[in-house]
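K.L.:
Pasting a structure below so you can have a look.
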Amino acid sequence: MSDDHDHHDGNDDHELRVSKIRDGTVIDHVRGGQALNVLAILGIDGTNGEEVSVGMNVPSNRFARKDIVKVEGRELSQDEVDVLSLIAPDATINIVRDYDVVEKHRVERPDVVEGVLSCPNAGCITTGDEPVTSRFSVLEDGVRCSYCETIVRDEIASLIDT
Amino acid sequence: MRHDHLITSKQLSRGDIETVLDYAAEIDADPSAVADRHTDTLLGLLFFEPSTRTKMSFETAMKRLGGDVVDMGSVDSSSVKKGETLADTVRVIEGYADGLVLRHPKQGAATMASEFVDVPLVNAGDGAGHHPTQTMLDLYTIRENAGLDDLTIGIMGDLKYGRTVHSLAYALTNFDAQQHFISPESLQLPREVVYDLHQQQDGTGIKEHDSLEEVLPSLDVLYVTRIQRERFPDENEYQKVAGEYQIDAETLEAASDDLTVMHPLPRVDEIAPEIDETHHAAYFEQAHNGVPVRMALLDLLLSDDRGIRGETDE
Ligand SMILES: [Zn+2]
């Protein structure tokens, strides 16, 4: 399954659609159309002045179309990126320093995600004004609210707390 | 492990359940032996929705252990009406009491509240979620009447919204129990609950039905719950559906002579009054069992020298 030619941060035609970064994180192989959800789940909305470039529906060898997100000046930790597994399970994370990829890893499904999703159950205590951070345990095929125990299997991206 | 809070019956192992039930039986046999165990204890009652019966049962239990209660009163007269969060309310009342009992309309309320307090907190019902003390008194009643192993139980009525049913079903997976769930299709067990039951058991002990007829003869216990009018779009539909899940003396002709009939009460017309006088009826006994069972639970949670110690591997 090696398709390194597809996602090295090099001179690939596809990659050139999005500008190169000097230092930061490149999130590649995001399912087409999920890039904005990736930013939302990471809490990156540009208000802190981050330099972010997004490629959407870029042709890819692995998928018909993929999204790619580059965040300049910020190295995302494994914990930060693991929540991406909920919406972009095939994403690869490249840490870039001085234009070189120095680390490359995949996202892994965490056991729990906190403060990222909001519970869709209107009868859940977390949907009121309580000073509580949402918490979901991650199941094989979905997520489950740790408070009301509601299980969500489809459209997890719609739960992203923005 | 020691449990400091009682939130859901799922947290209780078979060992925990047996500890509580054995102790409840001991108390039931001689309540005076524990009458002084909690003479300095104050239990805070926080009922965010009315449930006079459950509240009285807790109050009776605490007083029979020698303690007393402080009651938040109704929501209308409290700070809650001014918009105070539950997290704030429990942190304030925690300062007055040695333990808290919480009933709240929102699911997960007890879990959240327990994260804000250091005193033991007992969930007395959280919306459509859990009601573990009801479960314990149900288990106690089943054990007294039919035994918890080699048990065939039918649970009938509103299985979708009935938290009593969900809690009981989880707890019974700890035992050698065959559970039959009998309901109209629109009021079947939520898929979440079925998922959990299958996680806890291999699934062979769980079957769903839309009619009582086929399983009634095999049952040791029939647990009936109320089907509420508001679950249906119109009166006709309600009458038609609910009528199929009511029992009377004639229904029970097909049942085993040893069948025990239970109901969490209050009932409306799910169980005909003519059954009350038969040896099948255990629902009033079930309600009375709430006191010794809650005494046992409170004593175990509030004492330093006793605790609910389970065999969980967590
Ligand atoms: Zn929830």
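Any Cβ shown, glycine's included, is placed from N, Cα and C.
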K.L.:
Looking at carbamoyl phosphate binding as recorded in TrEMBL, which candidate out of B:Arg37, B:Arg64, B:Arg103 goes with B:Arg53, B:Thr54, B:His131, B:Gln134, B:Leu265, B:Pro266?
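P.N.:
Answer, per TrEMBL (carbamoyl phosphate site with B:Arg53, B:Thr54, B:His131, B:Gln134, B:Leu265, B:Pro266), from B:Arg37, B:Arg64, B:Arg103: B:Arg103.
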K.L.:
Hey, what's the Cβ neighbour count for B:His131 (carbamoyl phosphate binding site) at 10 Å?
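P.N.:
Taking all protein chains shown, B:His131 (carbamoyl phosphate binding site) has 26 Cβ neighbours within 10 Å.
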K.L.:
Counting every protein chain present, what is the number of Cβ atoms, excluding its own, within 10 Å of the Cβ of B:Arg163 (L-aspartate binding site)?
P.N.:
22
K.L.:
Please list the DSSP helix, strand and coil residue counts for the domain 'Aspartate/ornithine carbamoyltransferase carbamoyl-P binding' (B:5-144).
P.N.:
71 helix, 24 strand, 45 coil
K.L.:
For B:Arg226 (L-aspartate binding site), name the DSSP secondary structure in the helix/strand/coil scheme.
P.N.:
coil
K.L.:
Give me the count of other Cβ atoms within 10 A of the Cβ belonging to B:Arg103 (carbamoyl phosphate binding site).
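P.N.:
Taking all protein chains shown, B:Arg103 (carbamoyl phosphate binding site) has 23 Cβ neighbours within 10 Å.
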